[in-house]
Amino acid sequence: MKSHVNGEIDLEDGKSEKPVDKVIRSNKLMVHNQALLAGLAYCISSCSMILVNKFVLSSYNFKSSMLVYLMQNFISVIIVSTLSFLGIISTEPLTWRLIKVWLPVNVIFVGMLITSMFSLKYINVAMVTVLKNVTNVITAVGEMYLFQKHHDNRVWVALFLMIVSAISGGLTDLSFHAVGYTWQIINCFLTASYSLTLRRVMDTAKQVTRSGNLNEFSMVMLNNTLSLPLGLVLIFLFNEVDYLTTTPLLRLPVFWLIMTLSGFLGLAISFTSMWFLHQTGATTYSLVGSLNKIPLSLAGILLFKVPTSLENSASILFGLVAGVFFARAKMRERP
């Protein structure tokens, strides 16, 4: 046995680890496990949210998309407010100055949620995930013109493949519905607009907060609180009041249970996405989000027994692969 000054022990040519090395390895393993758990939670919550919404709107044939969206936002406000009151999280107080700055973003946010509900009612889950890729195209063009951000050739190739897959998927979709596709195209423009507008408004919003900062919980609270009165107005504009007063679904406890579950899942996506992004980074988050569409599309086809063809399945797969290729291209893109 031979002792060393540096504290290592060589026993028959086998060296034991330093205590510091053990701590470092243990910390790395803990971080890796937390990132894995965060990624799994994000994938499960995002997939479940879309599938539950599809189940409510299609399987139950519930005709009030506004109430579904209002229920989800109301539950989010209640939970975030409770956590903030208990001191578990911190949120910025809602002031008139902050509301006036944030209101334009919130209008786009509400439009984004509603059009997503409308499209999901008519289009199968797999095609919705493929058509959502068009959002990336609109966002990339918007970044180029608004922020003078230039993308390399790999990104543009991936975007072109996304457009091809969306067109081929629509042409081969056996359950094609023109209304649903129209809503989804509008949703793509609104989602891209929300992403592009949010970047500009966030800087202005931080200047009117008391702390000079605006965390993710405050943004969740802002969006969901401001969307409640807008949602109530839209229920009357879309003439859903008569339907809500006569439908027997609102008298079923099971239906309200599913609606409540969708509300919790909506908030879970916000929390798990922030957790996962904190544990990993924007590049890993983007790639996992693209990979997550593959099991989601498969589950949507199997659970809702969507009629499909070989051509349409190939188009869907092609679009999902294009999404992964886009995420990897963005990861390698020069800053």
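Note: Cβ is positioned from N, Cα and C throughout, glycine not excepted.
According to TrEMBL, the features are:
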| type | residues | note |
| --- | --- | --- |
| TRANSMEM | 35-57 | transmembrane segment |
| DOMAIN | 36-325 | domain 'Sugar phosphate transporter' |
| TRANSMEM | 69-89 | transmembrane segment |
| TRANSMEM | 101-120 | transmembrane segment |
| TRANSMEM | 154-172 | transmembrane segment |
| TRANSMEM | 178-196 | transmembrane segment |
| TRANSMEM | 217-238 | transmembrane segment |
| TRANSMEM | 254-277 | transmembrane segment |
| TRANSMEM | 284-304 | transmembrane segment |
| TRANSMEM | 310-329 | transmembrane segment |
### Summary
Lying 6 or more residues past either end of the transmembrane segment (69-89) yet within Cβ distance under 8 Å of it, the residues of that chain are 110, 113-114, 117, 217, 220-221, 223-225, 227-228, 231-232, 235, 259-260, 262-264, 266-267, 270
### Task
Go through 35-57, 101-120, 154-172, 178-196, 254-277 and flag the stretch with the largest number of C-beta pairs under 8 Å relative to the transmembrane segment (284-304).
35-57
### Query
Where else in the chain does the transmembrane segment (35-57) make close Cβ contacts, counting only residues six or more beyond its ends and a cut-off under 8 Å?
65, 68, 117, 120-121, 125, 128, 255, 258-259, 261-262, 265-266, 268-269, 272-273, 275-276, 278-280, 284, 288-289, 292, 295-296, 299-300, 303-304
### Message
Counting CB pairs under 8 Å, which listed stretch among 154-172, 178-196, 254-277 touches the transmembrane segment (310-329) the most?
### Response
154-172
### Query
Average pLDDT across the domain 'Sugar phosphate transporter' (36-325)?
87
